Structure formats: structure tokens, C-alpha cells
Amino acid sequence: MDGSEPAESSDCGHGKSCWTACARLRSYKLKGIFTWRLLKTIAMGQALSMLICGTAVSCQYLAEAGVETPMLQSFLNYVLLLLTYTASLSLRKGDGNILQILKTKWWRYLLMGLTDVEANYTVVKAYQFTTLTSIQLLDCFVIPVLMVLSWFFLKTRYRLVHFVAVAVCLLGVGAMVGADLLAGRDQGSTSDVLLGDGLVLVSAALYAVSNVCQEYTVKNLSRGEFLGMMGLFGTLISGVQLAILETSAVAAIKWNWKIIVLFAAYAFCMYALYSFMPLVVKMTSATAVNLSLLTADLFSLFCGIFLFHFVFSSLYIVSFVVITVGFVMFNAVPTYTPVPESDSAGEEDDRV
């Protein structure tokens with residue numbers, strides 16, 4: 001009931017698969033659907049959404065203080081990963097040692113780090129050219145791209161109920177965007193909408209690639225290896241971009257205790273997000289996690305109502321409920337997923 005099942009028990013590929021899935025849904029009782037594992041997955045997914053909310057709120061306050069240094073903020077997160085997970089990898093012995101990993105797979109993690117850094121950068125950059133509404137809508141492009149990439153590279157097979165669940169979640173996003181429009185929150189730049197929208201789509205595609213790589217790594221290799229390599233290459237890549245793009249912006253920051261606390265809050269939330277997300281991905285899938293993260297904007301809006309005096313709309317509650325229902329539907333019926341290459345490959349790593 002965790003969003004995936006081993007290859008041996010799947011009837012994927014047979015003509016009766018959709019009928020079987022529907023029949024299984026009809027025969028489920030609430031106790032059969034709302035298992036402890038599913039409830040834990042929902043709770044962890046919402047915890048990830050609240051961490052993203054924390055990054056959004058801290059970014060909002062930094063922007064109000066005249067600080068616009070997205071690459072510096074990402075750099076701090078990667079440095080924390082470097083100091084913990086990369087350092088842990090360097091202490092390992094044998095094949096799991098960092099030197100052995102770099103000898104055989106350095107180019108893979110370099111590409112993964114580059115993809116992740118640029119995904120974060122392009123979506124922040126998009127706010128300079130397009131509106132919040134466009135970003136909320138187009139950012140959902142990550143879901144279909146993830147499903148396509150998972151189909152071809154992870155051999156994941158979806159059933160009809162999963163596509164219905166995704167449609168339900170996107171309907172919830174539509175309700176959220178509608179509430180934004182009614183509340184007059186279609187803010188953002190419109191200097192070059194097409195460029196901004198293009199950046200959002202590029203960011204969504206990059207996030208999808210990064211998430212698929214993450215799912216493969218944590219399920220077949222280890223969580224510690226993934227986070228350690230992301231810390232190493234993310235620090236290098238974001239450090240270079242920081243030096244090239246934001247040197248003057250960093251020098252212009254008027255440092256005080258409030259700015260320091262906001263940077264620390266952002267770095268903590270991002271570090272926690274990167275640390276815990278692989279655990280949820282391993283329990284379910286990258287697609288399921290991203291469906292859960294659709295509620296992150298809603299948590300940000302709820303915080304905005306109290307902190308920034310946003311206008312409240314009952315459609316926000318409707319949106320939250322609809323997205324949650326879609327997420328439960330997606331996880332209630334297992335997808336077909338091949339047996340991992342090493343079923344116990346990441347167990348020792350979870351001690352980190």
C-alpha cells in the first residue's frame with residue numbers, strides 16, 4: 001500500500017489490469033486503504049510541504065528586505081549537505097567510500113548536481129518575468145514529465161486510477177489558482193511573460209529529471225550516497241555560479257540579526273527537505289511525493305494570510321481537500337515497479 005509493488009505480483013500488461021485495479025478499489029474498506037504506512041506517507045509528505053512553505057516565507061521576508069540572492073541561499077544548503085553527508089561518505093571504507101564512488105560514477109553525479117542547481121535557479125529567475133499564477137500552473141508540468149521518465153527509465157507502470165488521481169490533484173491546483181485570481185493575488189512581473197513561462201517549464205523538466213535520478217539512487221544504491229554527492233557537486237556548481245552572478249548582490253546586503261536569522265531559517269528548511277525527501281521517495285515514488293508537494297503553495301498562502309495579510313478564500317480549503325484526496329487515491333493502489341537491483345542497498349545508510 002506504499003505506491004509500489006514488486007514485479008512478481010503485478011498483472012501489468014494483461015488486459016484485465018484496469019478492471020482488477022477498479023475491482024480492488026471497490027472491495028477496499030477504509031481500514032484497507034488508510035493503512036499505517038499510507039497515513040505515515042501522507043504525514044511525511046505534508047511535513048515536506050511545510051518545509052517548502054518555510055523556504056517561501058523566509059524568501060518573502062528576504063525580498064522585502066531587499067535581498068535577492070537565490071544562488072547564495074542554495075549554496076548554503078549544499079554546504080550543509082557537504083559538511084554532513086559528504087563528510088560521512090569520506091569516512092566509509094570499501095566500495096561505499098567516496099573515492100570509489102567518484103572513480104566510477106563521478107560524471108553521473110556531476111550531471112545530477114547540475115540539474116538540481118539549475119532547476120532551483122531557473123524557477124526563482126522566472127518570478128522576474130511572469131506571474132505567480134503562471135508559475136503555479138506551469139510548475140505542475142513536473143508531474144507528467146515525471147510519469148513519462150519513470151515509465152521509460154524506472155519501468156514504473158501506472159494504472160487507470162493513478163491517472164485519475166493525478167487529474168484530481170491538478171483540479172485542486174486549479175481551485176487554488178482560481179482562489180488567487182479572485183483574491184487579486186496574480187502578482188509578479190509581466191516584463192517578458194513568454195520567457196518567464198519558458199523558464200518555469202524548463203525548471204519543471206529539470207526537477208523531474210533530478211527526482212527520477214533521486215528515486216533510482218535511493219532505491220537501488222543508498223540515500224547517503226545520493227545526499228553526499230549532491231552536497232559535493234551542488235556546492236561546487238552553485239559556488240561557481242554564485243561567484244559569477246551574485247558577487248555584487250551579496251556585497252550589497254546590509255547584514256543584521258534579522259537577515260542572518262532569515263538566511264539560517266531558509267538553509268535549515270532546505271537542508272531538512274533534502275534530508276527527508278529521499279526517505280519518502282523510497283517509501284513511495286518521486287511522482288507520489290510531488291503530488292503531495294502540490295499543497296506547499298497552500299501552506300504558504302495560509303501563512304501569508306497571517307503574516308502578509310493575504311485575502312482568505314474558502315477555495316483554498318477546497319483545493320487542499322481535493323489535492324489530499326487525489327494523493328490518497330494515487331497511493332491506495334500500488335503501481336508496478338521492478339524489484340530493486342539491491343533491495344537492501346541503502347539500509348545501513350539510513351543511520352546517517
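Each residue, glycine too, has its Cβ placed from N, Cα and C.
Listed features, source TrEMBL:
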type	residues	note
TRANSMEM	38-63	transmembrane segment
TRANSMEM	75-94	transmembrane segment
TRANSMEM	135-154	transmembrane segment
TRANSMEM	161-182	transmembrane segment
TRANSMEM	194-214	transmembrane segment
TRANSMEM	226-245	transmembrane segment
TRANSMEM	257-276	transmembrane segment
TRANSMEM	288-308	transmembrane segment
TRANSMEM	314-333	transmembrane segment
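If one looks beyond the transmembrane segment (135-154) by at least 6 residues along the same chain, the residues whose Cβ comes under 8 Å of a Cβ in the stretch are 123, 126-127, 166, 169-170, 173-174, 176-177, 180, 188, 196-197, 200-201, 203-205, 207-209, 211-212, 215-216, 285-287, 290-291, 294, 297, 337-338. Touching of the transmembrane segment (226-245) and the transmembrane segment (314-333) is ruled out by the presence of fewer than three CB pairs under 8 A, sequence neighbours closer than 6 excluded. Contact check: the transmembrane segment (314-333) against the transmembrane segment (161-182) gives at least three Cβ pairs closer than 8 Å, residues 6 or more apart, which meets the contact criterion.
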